[in-house]
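Okay, structure first, notes after.
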Ligand SMILES: NC(=O)c1ccc[n+]([C@@H]2O[C@H](COP(=O)([O-])OP(=O)(O)OC[C@H]3O[C@@H](n4cnc5c(N)ncnc54)[C@H](O)[C@@H]3O)[C@@H](O)[C@H]2O)c1
Ligand SMILES: O=C(O)C(=O)C[C@@H](O)[C@H](O)[C@H](O)COP(=O)(O)O
Ligand SMILES: [Zn+2]
């Protein structure tokens, strides 16, 4: 399908007065219609990084100049290793230097790292200014730009300092994914795959049938994957915005995955790679707990592999994994709580003893 003939679709995130729309389509960035009805203000600030800025920032500036008297661009260093306090401070430095007020609108132009940090800066600056998500990675379009989790990392744990803060709108321009390295496409597919086993077995079957189309970035397939992912996330977040219960299912694969990211050093494994491998581990744990069939674990492992993701974890002693996982945000009274599968399509929370987890790690990690 040509880009011009691909109509956009809107997904609504229903959160009362914090509701907003996710628009998914091709060639949205240069379309003035995309930017109608933005919050009014004297100035806008685009937060981006050294990779995405040179590719797309001027095109966004050109659109926003029709709406704001001043449009500034803040360019951060690229990479998960920079998702920290020091880099966050660069955003505040620029906002104050440009005399931004509490109506100034921030635009996050980049992947999940830029989105999470811009959202957190927006939540904090003058105790809250509006922000818009313009996600430029597949991962950010299907997951991180939606739902209002914002954060920076701590050396001892992923996303440990942050807030819940919803954007004004999300603009997912599929055309921007053309410049994404293939490794980043695979990373995004990890979060797409996640929605099948936790929520929607029909979507899982669709992914089984269309994985090669997604890897090849077929636009119609990508649009369906982004729209369905955002619909599922909208359904979950709409019921449990601040993760008091249901929302934890979106963390499937993340307890193991975050341990890999922090343990390897942020950026060595991409977030999506760690989640892909973490989902294999969580599926194996589900089997060890007697609530998932071996054939379902194998089906998931095969799909994750077809996306181009790793399915074997780093060769660490189980104690190293357990140490990282004890600081997981879902832990309660020192006990790690895992998202596991009670059959495909239904995710539940379960504690597991260290011995069972160690056996699962022995089966799913490279030999020591
Ligand atoms: N808030 C949430 O709900 C949520 C959900 C999932 C992930 N996350 C977070 O998102 C982060 C991962 O996001 P990510 O995978 O987008 O990584 P990322 O933001 O680091 O982007 C990946 C790489 O692609 C580059 N890039 C981005 N867009 C590009 C484009 N169009 N063309 C070429 N290069 C491009 C970036 O500069 C970067 O080098 C992690 O920090 C993770 O914790 C948050
Ligand atoms: O939106 C959510 O809720 C998620 O858990 C989505 C995850 O993909 C994402 O990586 C999130 O940032 C992890 O959240 P955390 O609370 O474990 O840091
Ligand atoms: Zn994630």
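Placement of Cβ uses the backbone N, Cα and C atoms for every residue, glycine included.
TrEMBL entries are annotated by machine, without manual review.
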Matching residue for the Zn(2+) site, where TrEMBL names 254, 271 - out of 191, 212, 332, 342: 191
Secondary structure of residue 158 (NAD(+) binding site) (DSSP, helix/strand/coil): strand
Entry from the binding-site residues list 78, 80, 191 having the most other CB atoms no farther than 10 A: 191
Cβ packing number for residue 114 (NAD(+) binding site), 10 Å threshold: 33
Binding-site residues listed as 82, 158, 254, 271, least Cβ neighbours within 10 Å: 82
